[in-house]
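The signal peptide annotation in Swiss-Prot covers 1-28. The domain 'WAP 1' annotation in Swiss-Prot covers 30-71 and rests on sequence analysis. The disulfide bond annotation in Swiss-Prot covers C37-C63, C46-C67, C50-C62, C56-C71, C81-C109, C92-C113, C96-C108, C102-C118, and the record cites sequence analysis as its basis. According to Swiss-Prot, the feature N-linked glycosylation site maps to N45. Residues annotated as domain 'WAP 2' in Swiss-Prot: 74-122.
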Amino acid sequence: MPASRLVPLGAVLLLGLLLLLELPPVTGTGADKPGVCPQLSADLNCTQDCRADQDCAENLKCCRAGCSAICSIPNEKEGSCPSIDFPQLGICQDLCQVDSQCPGKMKCCLNGCGKVSCVTPNF
């Protein structure tokens, strides 16, 4: 490969390394405080509110949202709530308020009628 083609490639690689060094590392795992980070929508502003759980107030966890790191209310149990494609039949009342009210690995999630109940999460 000619040297004239290597110069732009080297410049791009150097720029990439500099950008990586500018972003503070984020644990993203939230291992310091109980619970797990919820599934968050990507924040295009690349907000860096925290680097670790201890940077967040009270029970909030430092969680990744795309290129951002924000303090967020944690989920108590692993997994995410399944999507609801259509209204489902069943009891249309709230059967739980938080994951800890659900047995085993089940989570407290929205059901088909706008209320919440214990369901098997997606992993």
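Glycine residues also receive a Cβ, built from the backbone N, Cα and C atoms like all the rest.
Here the features listed in Swiss-Prot are placed on the structure.
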residue: C56; record: disulfide bond; contacts (Cβ under 8 Å, 6+ apart): K33, D49, C50, C62, C71
residue: C92; record: disulfide bond; contacts (Cβ under 8 Å, 6+ apart): N111, C113, G114, K115
residue: C108; record: disulfide bond; contacts (Cβ under 8 Å, 6+ apart): C96, Q97, V98, D99, Q101, C102, V116, S117, C118
- Which numbers of helix, strand and coil residues does DSSP report for the domain 'WAP 1' (30-71)? 3 helix, 13 strand, 26 coil
- Query: C62 (disulfide bond) has how many other Cβ neighbours within 10 Å of its own Cβ?
  - Reply: 25
- Item | Count of other CB atoms lying within 10 Å of the CB belonging to C96 (disulfide bond) | 17
- Counting other CB atoms within 10 Å of each candidate's CB, the least crowded of the disulfide-bonded residues C46, C71 is C46
- What is the average pLDDT across the domain 'WAP 2' (74-122)? 83
- Looking at the recorded positions C37, N45, C81, C109, whose Cα is closest in space to that of C67 (disulfide bond)? N45
- Looking only at Cβ atoms, how many others are within 10 Å of the one on C37 (disulfide bond)? 20
- Cβ proximity for C81 (disulfide bond), under 8 A, sequence spacing 6+, ordered by residue number, returns K107, C109, L110, V119, P121, N122
- Query: Taking just the CA atoms, what is the gap between C37 (disulfide bond) and C46 (disulfide bond) in Å?
  - Reply: 17
- Which of the listed disulfide-bonded residues (C109, C118) has the least company, meaning the fewest other Cβ atoms within 10 Å of its Cβ? C118
